[in-house]
């Protein structure tokens, strides 16, 4: 249980799984660069079909639909996670849904040749469905195959895959690469290649040992996989912990989404999970990238698109930093630091945006605030909400919890994308004050309600929530408060 050995089979399995995270990031960012070119495609295609030419309102609506339909697919996919992982397992589920990525990529890649707006929109919907499923599968699989002492560091690799995907999409979208009138279908269809690579590699990755033992009762196979992944023969304590959880599961009824909100021992962790997902999407990170190009242009940057890519590089670098910090500082501490730093930068951005017309040097202050804001995001609110959900729940409720948390993330992402342009139009630079208020609310919630899970087994975390529920009915202070410490469980194998 206390192993910190990093083995080749473990790294291989996690790397293959994070291809799904890369796909999510890539398909999130890929639509932005060729916006003008795709609008021209929509206009040309509709003109060929009918007279009179399409109105600007229709074109804007179709473009908005092409962008937003991705999030709609993500909502549906994220809420369907449990349907796959409980029936097929974690690894097989990732393998099966790559068919969606290939189908969606083909539709988008061939939409120009077919002169079909419908193929583009349907392809975005299907790829959104795929990415929504991946946002549940990947953190769950990584969390279940990782040693307790390294679970947070490996869990952060999910976010690293996402930001690398966004960065690659930004780079490929440059006019000198694939962001041209002729090559943009290849830019969208590129998602087929990672899907094929993952399909080829997944058969060589083991199934989650927790799924095999707890769900399938295949103890020997689970033990063999743990020994191979962790590079140690001494996995008896971990196997016993899984067997104890399996026994508890057999005495409980199957956990549904409604049960998560009804049962006292699940209610607090699911509320924490939802709030952490909201803290990611309502932090203002999308607003920062929305404003960044204009700010870089005002500061005299000749090619603001390259500066935006630079912000993406900062995004990636600080996600790597988070990988090394999360097991040292703890999830809760990093999330608090991230939220606090972002709140300060939001205020600084508001002030500098309001004054940059009067003081030209304020544009450089604003650029600095943007880069630091992005860095703080990747230290806490970026990576932590994805993998901490898997830590807060046992094997039984975990799929349903991942579905609810993922759906709340996708839904809030969709709403921010829908409402932010109007908010920015009416509020201008003051829009960041709204995000500052959200960040302060989430900081307070995290400080008082979010436990530290570093170094604790799934069973220990679950028992702590159950203990709080039981003692809470007697008006006593529950043991979950002890988890707000950043001290990990002592290594009993030492």
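Cβ from N, Cα, C; glycine included.
Contacts of residue 386 (D-glucose binding site) defined by a Cβ separation under 8 A and a same-chain sequence distance of 6+ are given as 135, 139, 155, 158, 159, in order along the sequence. Residue 386 (D-glucose binding site) carries a helical DSSP state (H, G or I). If you look up Swiss-Prot, you'll see 159, 280, 281, 286, 315, 378, 386 marked as D-glucose binding site.
Here Swiss-Prot flags 484-494 as compositional bias 'Polar residues'.
Per Swiss-Prot, the feature N-linked glycosylation site maps to 43 (among others). Sequence-distant neighbours of residue 43 (N-linked glycosylation site): residues of the same chain at least 6 apart with a C-beta under 8 Å from its C-beta are 53, 54, 59.
The DSSP secondary structure for residue 358 (N-linked glycosylation site) is coil. Listed in sequence order, there are no same-chain residues at least 6 apart in sequence whose CB falls under 8 Å from the CB of residue 358 (N-linked glycosylation site). The feature N-linked glycosylation site is assigned by Swiss-Prot to 358 (among others), with sequence analysis given as support.
Residues or ranges marked as phosphoserine by Swiss-Prot on the basis of similarity to another entry: 485.
Summarising the annotation, Swiss-Prot assigns region 'Disordered' to 469-494.
According to Swiss-Prot, the topological domain 'Cytoplasmic' annotation covers 1-10 (among others), on the basis of similarity to another entry.
Note on the topological domain 'Extracellular' (33-64): DSSP counts are 24 helix, 0 strand, 8 coil. For 33-64 (among others), the entry in Swiss-Prot reads topological domain 'Extracellular'.
Distant neighbours of the topological domain 'Cytoplasmic' (86-90): 96, 137, 140-141, 144, 207-208, 211-212, 215-216, 399; these residues of the same chain sit at least 6 beyond its ends, with a Cβ under 8 Å from one of its Cβ atoms. Under the heading topological domain 'Cytoplasmic', Swiss-Prot lists 86-90 (among others), citing similarity to another entry as support.
Under the heading topological domain 'Extracellular', Swiss-Prot lists 112-118 (among others). When Cβ-Cβ distances below 8 Å are used as the criterion, the topological domain 'Extracellular' (112-118) is approached by residues 41-42, 45-46, 48, 62, 184-185 of the same chain, each at least six residues removed from its ends.
Look at Swiss-Prot and you will find 143-153 (among others) tagged as topological domain 'Cytoplasmic', backed by similarity to another entry.
Nonlocal intrachain contacts for the topological domain 'Extracellular' (175-183), taken as residues 6+ away from its ends with a CB within less than 8 angstroms of a stretch CB, comprise 33-34, 37, 40, 190. Sequence annotations record features per position, and here Swiss-Prot assigns topological domain 'Extracellular' to 175-183 (among others).
According to Swiss-Prot, the topological domain 'Cytoplasmic' annotation covers 205-269 (among others), on the basis of similarity to another entry.
The topological domain 'Extracellular' annotation in Swiss-Prot covers 291-304 (among others). When Cβ-Cβ distances below 8 Å are used as the criterion, the topological domain 'Extracellular' (291-304) is approached by residues 311, 349, 353, 356, 363-364, 366-367, 370, 424 of the same chain, each at least six residues removed from its ends.
Taking DSSP states H, G and I as helix and E and B as strand, the topological domain 'Cytoplasmic' (326-331) has 5 helix, 0 strand, 1 coil. Residues or ranges marked as topological domain 'Cytoplasmic' in Swiss-Prot (evidence: similarity to another entry): 326-331 (among others).
Residues or ranges marked as topological domain 'Extracellular' by Swiss-Prot on the basis of similarity to another entry: 353-363 (among others).
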Considering pairs 6 or more residues apart, do the transmembrane segment (270-290) and the transmembrane segment (154-174) have at least three CB pairs under 8 Å? no
Chain residues in Cβ proximity to the transmembrane segment (119-142) (below 8 Å; excluding those fewer than six residues from its ends, i.e. six or more beyond): 14, 17-18, 20-21, 23-24, 27-28, 31, 38, 41, 62, 65-67, 69-81, 84-85, 90-91, 93-94, 97-98, 100-101, 103-111, 154-155, 157-158, 161, 188, 191, 208, 386-387, 389-390, 398-399, 402-403, 406, 409-410
Pairs of Cβ atoms less than 8 Å apart decide it: which stretch in 332-352, 364-389, 400-420, 430-450 has the most with the transmembrane segment (305-325)? 364-389
Cβ-Cβ under 8 Å with the transmembrane segment (154-174): same-chain residues at least 6 beyond its ends: 14, 18-30, 32-34, 138-139, 142-143, 146, 187, 190, 305, 308-309, 312-313, 315-316, 319-320, 322-323, 326, 378, 382-384, 386-388, 390-391
Segment proximity, the transmembrane segment (400-420) to the transmembrane segment (65-85), 3 or more C-beta pairs under 8 Å: yes
Give the residue counts of the topological domain 'Extracellular' (421-429) per reduced DSSP state, in the order helix, strand, coil. 9 helix, 0 strand, 0 coil
Binding residues 159, 280, 281, 286, 315, 378, 386 (D-glucose) - maximum C-alpha distance in whole Å: 17
